[in-house]
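K.L.:
The feature transmembrane segment is assigned by Swiss-Prot to 6-26, 76-96, 118-138, 157-177, 198-218, 252-272, 278-298, 313-333.
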Amino acid sequence: MDWQRLIVSYLVGFVLLNVLLGLMAYMTWFERRVLARMQHRVGPNRTGPFGLLQPIADGIKLLAKEDIVPANADRLVFLVAPLLSFALAPLGAAVIPFGDTLQLFGIEIPLLVADINVAVLYVLALGSVGVYGIILGGYASGNRYSLLGALRSTAQVISYELVLGLSLVGVFILSGSLSLQDILREQQRMLVLGPLTLPNWYILSQPLAFALFLIAAVAETNRAPFDLPEAETELVAGYFTEYSGFRFSFYFLAEYINMIVVSLLAATLFLGGIDGPFADGVWWLALKALFFLFFYVWLRATLPRFRYDQLMGLAWKVLLPLALLNIGLTGLVRLWGIGAL
């Protein structure tokens, strides 16, 4: 019945939201531990075994902080902007397939909140809309550093959203769909190349698109080495300079949830998602997403921050032409049927 499907969708969405929040909390622990190892330190190890309770302690500390509103801020917009960023962040996970249906008490439970035929466009649109929380927060703060950080973020998203979308056109051409379910099914086929039989993961047929997607995704999420909107040495803390307490935590939560959603999306689009060598399952998706999350941390530990002119030049002079080249090559391959794609 329709009402049963509706209730099941709400329940799956509620569970997914709580899982994302839990993963976000322990993503901070994971990042600090990995960075510490790379820098020959120990990392958080005092609160609980191996420091596993550190995210809880950090959350309690943030909730206990005073929520300060600057005197020259636009109060209403200042208060709402972080909530907007946080509310939009987990919505992208709603269209990511976490597996096939699950039978429980005679009811089929799809491991997917919403199956829409333009799922990838939906995720890209959310990425574009998410910048409104940043620009509104920077503008409403009444601080020049905050405003400059917000303007940087807007320009960065406009530049790299274009690269991100164009990098996926090759995947759309090969799969013939914008639905993540259809893209996942196409990758579950086997690819026969002479004596070799390989999974039809798009990282094999679209290596350039994969590299472009990774670079653009790091820039979209404002992570190092593309963290220009919150560059401490130039802008204090960028667009959230004036935020404190739990409102600061909303921006913090949104950034890490965006990282997790982008990692899940990359794993689904290029690495077969739940597809694995022995048996399909959500654990394969989790393992692949963990690889991308480690990639984020590794970049932060190894690369210095780009200059702003370098950041914009990379997008418009290097990545955009390469994305257009990849579309042309993929179209020719599809037209001529090379490699039985």
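Think of each number as a place in line: the chain as shown, counted from 1.
Each Cβ is built from the backbone N, Cα and C atoms, and glycine gets one as well.
Situate these features within the shown structure.
P.N.:
Outside the transmembrane segment (76-96) by six or more residues, the chain places 13, 16-17, 20, 69-70, 112-116, 119, 122-123, 126-127, 129-130, 132-134, 136-137, 139-141, 180, 240, 242-243, 247-248, 250-251, 253-254, 257-258, 260-262, 264-265, 268, 273 with a CB less than 8 A from a CB of the stretch.
Within the chain, the transmembrane segment (198-218) has long-range Cβ neighbours (under 8 A, six or more residues past its boundaries) at 160-161, 163-164, 166-168, 170-171, 174-175, 183, 186-191, 225-226, 262, 266, 269-272, 275, 292, 295-296, 299, 314-315, 319, 322-323, 325-326, 330, 333, 339, 341.
A Cβ distance under 8 Å defines the sequence-distant neighbours of the transmembrane segment (313-333), meaning residues of its chain 6+ beyond its ends; these are 159-160, 162-163, 166-167, 169-170, 173-174, 205-206, 208-209, 212, 215-216, 219, 306, 339, 341.
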K.L.:
Where, among 118-138, 157-177, 252-272, 278-298, do we find the most CB pairs under 8 A to the transmembrane segment (6-26)?
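P.N.:
Maximum Cβ contact count belongs to 252-272.
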K.L.:
Please indicate, using numbers and ranges, the residues of the same chain that are 6 or more beyond the transmembrane segment (157-177) and have a C-beta under 8 Å from a C-beta there.
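P.N.:
That would be 117, 120, 124, 127-128, 131, 183, 186, 202, 205-206, 209, 212-213, 215-217, 219-220, 226, 269-270, 311-312, 315-316, 319-320, 323-324, 326-327, 330-331, 334, 341.
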K.L.:
What residues in the same chain, six or more past the boundaries of the transmembrane segment (278-298), come closer than 8 Å to it by Cβ-Cβ distance?
P.N.:
27, 30-31, 34-35, 38, 98-100, 111, 188, 214, 218, 221, 223, 259-260, 262-264, 266-268, 271-272
